[in-house]
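> Here you go, one structure.
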Amino acid sequence: MSAASTNSLFGMGNPLLDICAVVDKDFLDKYSLKPNDQILAEAKHKELFEELVKKFKVEYYAGGATQNSIKIAQWMIQEPHKVGTFFGCIGKDKFGDILKQKAEEVHVDAHYYEQDEEPTGTCAACITGDNRSLVANLAAANCYKKDKHLDLEENWKLVEKAKVYYIAGFFLTVSLESILKVAKHASENNKLFCMNLSAPFICQFFKDNLMQVMPYVDVLFGNETEAAAFAKEQDFDTKDIKEIVRKAQALPKDNKKRQRVVVITQGKDETVMAQSDKIETFPVVKTDPKYIVDTNGAGDAFVGGFLSELVQEKPLDQCVKAAHYAANVIIQRAGCSFPEKPDFK
């Protein structure tokens, strides 16, 4: 079994600086936010981020779906540092500086494309009691450019160093050409390319982009609602998760040396995985509901745990075990944060 090496795991996506604070009902009402929700920032939320920082005690984290998964994988692996490389676009601003510092603190080798047209993407997590209202402003994250960053020799060398690649479906809305370049490299060199369905709207409104990448996908992740949306868009004509997993696995694939693996989570219900010619189910770690702080980030953590073992060439059932462990740790904490060390065996 191989141990993880520096830059052996590569992620590319939308970097967001997570800004978490406990707020009051007046703050939610002022910006017409529901206590428990996930929305994209609109014009009326323009002042929200600065006000959050001025008015409340905030904590910052390096966030965004893919970056979360890479940092969780790094946390699970511990040593060496910088196993995970991450590419994405930020602004040349205060929040960008904080994001760089936060990525460094969790030992992720982040190489951001920095531009000054848009500010660094942020995600405000407004906490009231057990609820979290998330407001994301993608801003700079939407500005990633293949020719300005991915194609540069020193950056492409980092891509070539990796053996496992992970990109969340959200990035399909930003730079399809960047994803395809990385995916084709993985396929041609018999390396592992992993992707996440990420959200029902990706399966619906970015279906063409998703299906351009699908032939290169070796490991496909998603949850039950994303799987249902995907099945509907693909005319699978079934709502049965095991059947959806089987049909997703059978979609055309470029690299014939590896059969696709499909992993679908179902919250507290069992995880379903298609590998080679069998469908397996794995019960999740049971948690007393009173210890659950926040289920946001559970999906990112699941993928991070899975990748931490995958990059070390561990068997797939061990990858799922690590995925369940990581998700279980994250849901018992606020935001996508974790203790200093994992106690995963």
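A Cβ is built for glycine as well, from the same backbone N, Cα and C atoms used for every other residue.
Reproduced below are the annotations present in TrEMBL:
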- ASP300: active site, proton acceptor (ACT_SITE)
- 28-339: domain 'Carbohydrate kinase PfkB' (DOMAIN)
> Please work out the number of neighbouring Cβ atoms within 10 Å of the Cβ of the residue listed as 'active site, proton acceptor', leaving out its own Cβ.
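There are 27 such Cβ atoms around the residue listed as 'active site, proton acceptor'.
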> Averaged across the domain 'Carbohydrate kinase PfkB' (28-339), what pLDDT does the model get? Just tell me the whole number, please.
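Averaging the confidence scores along the domain 'Carbohydrate kinase PfkB' (28-339) gives 94.
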